[in-house]
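Trainee: My questions all concern the structure below.
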Amino acid sequence: MELRPLVMCFALCVVYASSKPTIEKKDRVHHDDPLSSRDHEDAENFDYDHEAFLGQDEAKTFDQLTPEESKERLGMLVERIDEDKDGYVSVEEMKKWIKHSQKRWIYDDVDRQWKGHDHNGDGLVSWEEYKNATYGYILDDPDPEDGFSYRQMISRDERRFKMSDLDADLKANKEEFTAFLHPEEYDHMKDIVVLETMEDIDKNGDGFIDLEEYIGDMYNQEGDPSEPEWVRTEREQFTEFRDTNKDGRMDKEETKDWILPSDYDHAEAEAKHLVYESDNDKDGKLTKAEIVEKYDLFVGSQATDFGEALARHDEF
């Protein structure tokens, strides 16, 4: 499939979209999604814990297993969670596993894109492979009349690729490629997320985001003389909270505080909860036996699912 028509279509869509008033608010803030849509009510059931520990889809799979099958598969998971292979699962290892389970869609996306970029099959995606697969012959035939600078886009991608390339060999392994495609998920990539956001919003090129640039990124008032209430609220937010040093503009640190807030760490809280509830000898870490013994806290099975079905039936 040729890339040029796709890229041109994208460019035209963006130009068309930018010419229409934007009523709905654009949100650049990166928030962690909740671990589960269920209420965390362990006195009634462990549905929240199951979805937090496994992810929603995998939790449903466990609900169809017998208790014996559920325990066996849980035991296999424990061996993966115990990264340092010391025979224990620490709070930190549990936290990392929960985060991994919650972000499984990201890894699925990376796997899908990986197949289209690792052309030589060496298990790495080089910068050249990515650039050629993404931009193709646009490199040789840029069209400046469409208002887009593809060379500028390539330069921006290359900068992000190099930031994700921790060993600086211009070849990305799976983890580095994940950081490149989803930089907001990695601490060492957060500065590039901030920089790219500022470049998008900073129209006068002074390296800051002023009030009008901030509002202009969220709302296009063309053809609409009156501002929605949320726009007036955002003006107040900028003045009272975003611009912390009160100089009328946001610098890099203020922008970072805005788009990458320090949210409550749900994964860490759940990891501590699971360890506390299962830690029989209270040494602050879990053995495989301790986890499997409390298997119904971590995973479901036909037995727990049937029990909850009976409980729901009794309510009626």
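Even glycines carry a Cβ here, placed using N, Cα and C.
Sequence annotations record features per position, and here Swiss-Prot assigns signal peptide to 1-19. Annotation source Swiss-Prot lists Ca(2+) 1 binding site at D82, D84, D86, Y88, E93. The domain 'EF-hand 2' annotation in Swiss-Prot covers 105-140 and is backed by sequence analysis. Here Swiss-Prot flags D118, N120, D122, E129 as Ca(2+) 2 binding site, drawing on sequence analysis. Feature annotation from Swiss-Prot assigns N-linked glycosylation site to N132. According to Swiss-Prot, the domain 'EF-hand 3' annotation covers 152-187. Per Swiss-Prot, Ca(2+) 3 binding site is recorded for D165, D167, D169, K171, E176, and the stated evidence type is a curator's inference. Among the features that Swiss-Prot reports, Ca(2+) 4 binding site is placed at D202, N204, D206, E213, with the record citing sequence analysis. Swiss-Prot lists D243, N245, D247, R249, E254 with the feature Ca(2+) 5 binding site, giving a curator's inference as the kind of evidence. Residues or ranges marked as domain 'EF-hand 6' by Swiss-Prot: 266-301. Per Swiss-Prot, Ca(2+) 6 binding site is recorded for D279, D281, D283, K285, E290.
Could you give the neighbours, burial and distances for every feature on this list?
Mentor: Its Cβ taken as reference, E93 (Ca(2+) 1 binding site) is surrounded by 21 other Cβ atoms within 10 Å in the chains shown.
For the domain 'EF-hand 2' (105-140), the predicted model reports an average pLDDT of 90.
All chains included, 20 other C-beta atoms sit within 10 angstroms of the C-beta of D118 (Ca(2+) 2 binding site). In the three-state DSSP assignment, the secondary structure recorded for D118 (Ca(2+) 2 binding site) is coil.
In three-state terms derived from DSSP, N132 (N-linked glycosylation site) belongs to a helical segment.
If you look at the domain 'EF-hand 3' (152-187), the same-chain residues 6 or more away from its ends with a CB under 8 A from one of its CBs are 30, 103, 106-107, 109-110, 113-114, 117, 123-128, 130-131, 134-135, 139, 193, 196, 199, 260.
In this chain, no residue six or more apart from D167 (Ca(2+) 3 binding site) has a CB-CB distance below 8 Å.
Cβ-based neighbour count (10 Å, all protein chains) for D206 (Ca(2+) 4 binding site) stands at 10.
Over all protein chains present, the Cβ of D247 (Ca(2+) 5 binding site) has 11 other Cβ atoms lying within 10 Å. In this structure, D247 (Ca(2+) 5 binding site) belongs to neither helix nor strand by DSSP; it is coil.
Counting residues 6+ beyond its ends, the domain 'EF-hand 6' (266-301) has Cβ neighbours under 8 Å at 32, 34-35, 42, 46-47, 49-50, 52-54, 59, 62-63, 65-67, 69-71, 73-75, 78-79, 82, 87-92, 94-95, 98-99, 102 in the same chain.
Neighbours of K285 (Ca(2+) 6 binding site), defined as other CB atoms within 10 A of its CB across all chains, total 19.
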Trainee: Relative to the Cβ of D279 (Ca(2+) 6 binding site), which residues of the same chain, six or more apart in sequence, are found under 8 Å away?
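Mentor: Result: K285, L286, E290.
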Trainee: How big is the Cα-to-Cα gap, in Å, between D243 (Ca(2+) 5 binding site) and D118 (Ca(2+) 2 binding site)?
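Mentor: D243 (Ca(2+) 5 binding site) to D118 (Ca(2+) 2 binding site), Cα-Cα distance: 44 Å.
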Trainee: Quick one: which residues besides D279, D281, D283, K285, E290 have a Cβ within 8 Å of the Ca(2+) 6 site's Cβ centroid, in sequence order?
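Mentor: The answer, listed by sequence position, is Y88, V275, S278, N280, K282, G284, L286, T287.
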Trainee: Could you give the Cα-Cα distance between D118 (Ca(2+) 2 binding site) and K171 (Ca(2+) 3 binding site), in whole Å?
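Mentor: Pair distance, Cα basis, whole Å: 10 Å.
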Trainee: Fewest neighbouring Cβ atoms within 10 Å: which of the binding-site residues E129, D169?
Mentor: D169
